[in-house]
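S.K.: Feature list, courtesy of Swiss-Prot:
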- 2-161: domain 'Obg' (DOMAIN)
- 162-328: domain 'OBG-type G' (DOMAIN)
- 168-175, 193-197, 215-218, 282-285, 309-311: GTP binding site (BINDING)
- 175, 195: Mg(2+) binding site (BINDING)
């Protein structure tokens, strides 16, 4: 089975700013060159970048400490130190960043066109002694230390971004439908929980459009309380533009399956109540399936109901059109309830977090009494 990691804890820290330099201008025929100490370079930032070709967080499982480079110290002749290299952490689309201590939402990559975000800024470089020159103090022998970097423990949670998410009991035909439309090679077998991790596939329509389909493991009764695979994979459906409820028409519980699935989804998150949906009756080629499909349509007259058979290729064209309509219903919407309800205020709240507070020694001066080398 392919490795699928959707949650991981990582420690990130930005770079420290370089120290300012104590130096003086020493040139021929310039007896009083004055101070010429350069400023320290700024520390590197911690940047999270979305990459569309990634689907899991397995690359963060074994390397969980990420540090940006420190800024270089200033030098003589007013030469500034180089900025430290940024630490760029690649992420798949749909990730949610939380503070591991306060559980504050730091950033939510639920937006469809989001690229990268700077989570921690590097420390500022210290001033060289050139900044302390004046008519009274013409040869200052002090410089500022660089600002220390910031550090945080971040909980990274992946929530798959898709246009249509498949919801159903085990063995409802979700994987077979995904394989037919997208050639995703999801495993199919006649026993429950054949699908144990989410699978994504791209449905390419005749007019050149792409519709992303997501298949998650089957949902059991009381799944919102931890039964079966429980809550672990229900979160991946929160970002889907629409939901396809797959109902096995040969199951004796078929007429009650939709209510059961809705109950579990609503108990997990109220965001599911407003999502566009379509009911898909599967295994239409089995006995008594058509009668069950008619009863299902009578029970839910306000919801679109489709009947399909992957084995006989029945009703698949109509279902493809329904998937396109679901994708259009959520087009342009921000598929993240966390981002809508919570403003991205972490950039302004950093100094209030004890982890990110500036230390007391920032701005301290360094004199020659500390045996600091003077550069000419």
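Any Cβ shown, glycine's included, is placed from N, Cα and C.
Given the structure is predicted, the values throughout are model-derived calculations rather than measurements.
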S.K.: Return the residue, from the listed binding-site residues 171, 197, 283, 309, with the maximum count of other C-beta atoms within 10 angstroms of its C-beta.
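M.R.: Ranked by Cβ atoms within 10 Å, first place goes to 283.
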S.K.: Counting Cβ atoms within 10 Å across all protein chains shown, which of the binding-site residues 168, 174, 217 comes out on top?
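M.R.: Selected residue: 174.
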S.K.: According to DSSP, folded down to helix, strand and coil, what is residue 174 (GTP binding site)?
M.R.: helix
S.K.: If you measure residue 175 (Mg(2+) binding site) to residue 217 (GTP binding site) at Cα, how many Å is it?
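M.R.: That separation, Cα to Cα, works out to 9 Å.
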S.K.: Around residue 175 (Mg(2+) binding site), how many other C-beta atoms are within 10 angstroms of its C-beta?
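M.R.: Excluding its own Cβ, the number within 10 Å is 23.
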